[in-house]
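First the structure, in the form of structure tokens, and then the observations on it.
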Amino acid sequence: MTSGPFFFCIFIIGKYFTLGSAQDVSCPLGSFPCGNMSRCLPQLLHCNGVDDCGNRADEDHCGDNNGWSLQLDKYFANYYKLASTNSFEAETSECLVGSVPMHCLCRDLELDCDEANLRAVPSVSSNVTVMSLQRNFIRTLPPNGFRKYHELQKLCLQNNRIHSVSVSAFRGLRSLTKLYLSHNRITFLKPGVFEDLHRLEWLIIEDNHLSRISPLTFYGLNSLILLVLMNNALTRLPDKPLCQHMPRLHWLDFEGNRIHNLRNLTFISCNNLTVLVMRKNKINYLNEHAFTHLQKLDELDLGSNKIENLPPNIFKDLKELSQLNISYNPIQKIEVNQFDCLAKLKSLSLEGIEISNIQQRMFRPLINLSHIYFKKFQYCGYAPHVRSCKPNTDGISSLENLLASIIQRVFVWVVSAITCFGNIFVICMRPYIRSENKLHAMSIISLCCADCLMGVYLFVIGAFDLKFRGEYNKHAQPWMESVHCQFMGSLAILSTEVSVLLLTFLTLEKYICIVYPFRCLRPRKCRTITVLIFIWIIGFIVAFAPLGNKEFFKNYYGTNGVCFPLHSEDTGSTGAQIYSVVIFLGINLVAFIIIVFSYGSMFYSVHQSSVTVTEIQKQVKKEVVLAKRFFFIVFTDALCWIPIFILKFLSLLQVEIPDSITSWVVIFILPINSALNPIIYTLTTRPFKEMIHQLWHNYRQRRSVDRKETQKAYAPSFIWVEMWPLQEMSSGFMKPGAFTDPCDLSLVSQSSRLNSYS
């Protein structure tokens with residue numbers, strides 16, 4: 001009997017310590033507990049939409065409900081619902097306000113005259129408590145228009161055409177608690193217009209044309225809690241105590257105006273203010289003492305303004321602040337100790353801000369911070385003690401991996417291997433094709449070298465993705481600022497530009513020899529070598545120039561994890577944006593147009609010149625072959641560059657482009673030419689096919705030599721002319737001497753000569 005209480009006490013004590021140990025789990029910096037489990041998960045696995053804990057603890061409490069804006073939004077939604085016609089649908093009570101105008105509804109002491117085509121305030125019984133006059137044609141509020149409605153508690157005048165409000169329009173409304181004047185045309189409110197509204201708690205005047213206000217505008221509003229002046233035309237706030245006659249004001253909303261600055265006297269009397277919303281204005285100056293007297297402020301929203309400099313002590317008196325939003329401002333620098341006084345801060349929004357001096361010290365004093373929002377997910381590594389950090393990805397990379405998509409992680413190796421192997425194979429095999437046109441072969445080898453660099457670039461990106469696998473957020477920012485990333489980005493641009501210029505050079509060389517066969521514009525060795533060297537020099541200058549002037553180009557190649565500057569707008573440098581446009585919409589677009597025009601002209605020239613000297617049937621067959629080859633050359637160029645041209649045009653037009661596009665372009669679109677050029681310019685040509693046929697025939701000959709020793713050896717010529725179709729050439733053109741100078745051949749052999757440069 002005595003052992004029962006003893007074991008009961010042991011059970012209770014054990015339970016207590018078990019729960020305590022589970023709830024007080026100590027996790028290393030950057031990790032957080034899984035609820036009441038002893039397991040810890042890193043920051044990147046919390047609030048990512050996946051149940052990594054197994055009990056969904058890592059996905060609990062991920063919503064940012066700091067401040068009381070969410071609760072007020074719900075209340076706001078309820079008010080609109082209550083003020084609408086739906087609130088009068090279930091008429092269970094009789095009307096107690098006497099006769100009402102046509103098209104109006106009545107229930108108890110509530111009157112709904114929404115969309116009743118009214119042009120003036122209706123006259124009903126004085127005991128009405130709620131009057132909704134929304135979406136009518138009321139233009140003015142005359143003196144004493146509501147004087148007899150002493151019991152009126154809620155007045156809704158939204159979506160009328162009110163442009164004039166008499167100073168005594170609201171006289172006598174001593175019981176009014178909520179007044180809605182939104183979506184009208186009010187330009188000015190005279191001082192004392194709200195003088196009798198001593199019980200008013202909510203005043204909503206959003207979406208009007210108010211251009212100025214003064215403290216006297218709100219005289220008499222001793223009970224006002226909420227003041228909303230969103231989307232008006234205010235350009236400045238009075239340099240006087242705005243809350244002088246609103247001592248109980250808690251919520252003040254100036255969103256969507258044109259306010260340029262905040263001075264130190266404006267909020268001096270707003271001692272009870274808990275929420276201040278100043279987003280989407282044109283604020284470019286903040287007085288250091290602008291918020292000194294807002295010691296009860298819980299939420300401050302300064303987002304989407306034009307603030308460039310934050311005074312060092314601007315937030316020092318906001319001891320109670322739990323939510324701060326300074327996102328989407330062109331802030332040049334954030335001081336390391338900028339947030340030191342905000343110990344109670346729970347939510348911090350820094351979206352759209354490039355923080356060049358970011359470091360962990362900046363956020364370490366924010367011990368209660370649970371939500372933080374950055375421009376780049378790479379910044380999350382500098383706030384490891386914050387459970388919810390957004391964004392989780394930039395579309396290219398994620399908190400875990402340099403390449404966010406498994407498809408990209410696989411195909412970066414596949415495309416890299418195809419590009420490198422194809423071009424190296426051509427470089428090695430090209431000397432064995434004994435073509436008389438060595439200058440053309442030299443250009444093709446140079447093209448393969450440039451294309452091979454693209455494969456090297458993709459290989460390195462894949463290697464670093466493998467190196468950072470599972471913990472990329474720890475290395476993201478250092479990686480994008482590293483020499484490796486800068487060099488790889490330069491290598492990609494070098495490959496791209498040299499390849500484009502070489503393709504243009506090869507195309508123009510063909511064009512001149514086909515369209516102008518009797519001109520003295522034949523390619524010479526010295527000229528060809530000079531052009532090739534010049535192209536590579538231009539490529540090096542274009543690719544490495546951004547590394548030589550960091551002030552002008554900023555972090556040109558370090559705007560994303562793949563180090564490719566497709567969206568140069570992210571650098572924040574006008575010079576970088578112009579440079580990127582010159583490359584992609586200047587050099588590359590002009591080159592693409594030249595290639596398309598040249599191949600079209602060549603095909604037309606061959607068609608016009610050959611029809612009179614060859615049989616029609618053979619000519620049609622030959623032109624089909626030429627058309628197919630020209631089509632694939634132009635098609636691959638278009639497939640590679642048209643998407644990039646479109647993206648650059650859209651970015652110039654400030655169209656929002658998903659960040660994930662960059663990685664798909666870099667892995668699947670940009671290398672198209674690099675991967676297919678070896679096939680188009682070498683592997684599908686007649687000389688290469690003949691060489692392979694010869695090697696295969698010789699191999700079979702060696703296999704059968706023991707059985708057929710007396711058989712005459714097959715001895716095909718080693719002089720291969722790069723052309724198509726070979727069998728259609730006359731015997732005279734099969735002699736090596738006939739090809740010593742392709743530009744001197746007759747007009748009849750133009751199509752064959754064209755093939756000799758393929």
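Cβ coordinates are placed from backbone N, Cα and C, and glycine is handled just like the others.
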What residue among C9, C53, C62 is stated in Swiss-Prot to be the disulfide partner of C34?
C53
Based on Swiss-Prot, do P143 and Y604 face the same side of the membrane?
no
Going by Swiss-Prot, which one of C27, C62 is joined to C47 by a disulfide bond?
C62
What residue among C449, C452, C485, C640 is stated in Swiss-Prot to be the disulfide partner of C563?
C485
Whole-Å Cα distance, N325 (N-linked glycosylation site) to N368 (N-linked glycosylation site), is 16
Report the member of N127, N264, N325 (the glycosylation sites) whose C-beta atom has the most other C-beta atoms within 10 angstroms.
N325
Could you check which of the glycosylation sites (N127, N264, N272, N368) sits closest to V50 (Ca(2+) binding site), going Cα to Cα?
N368
By the count of other Cβ atoms within 10 Å, pick out the sparsest of the glycosylation sites N272, N368.
N368
Using a 10 Å cut-off, grab the number of neighbouring Cβ atoms around the Cβ of V50 (Ca(2+) binding site), all chains included.
11
Where among 444-464, 487-507, 528-548, 578-598, 652-672 do we find the most Cβ pairs under 8 Å to the transmembrane segment (410-430)?
444-464
If you measure from the Cα of N272 (N-linked glycosylation site), which of the glycosylation sites N127, N264, N368 is the nearest?
N264
Does the transmembrane segment (578-598) make contact with the transmembrane segment (487-507) through 3 or more Cβ pairs under 8 Å, each pair 6 or more apart in sequence?
yes
Using the alpha carbons only, what distance in Å do you get between N264 (N-linked glycosylation site) and N368 (N-linked glycosylation site) once rounded?
29
Which stretch from 444-464, 487-507, 630-650, 652-672 shares the most C-beta pairs under 8 Å with the transmembrane segment (528-548)?
487-507
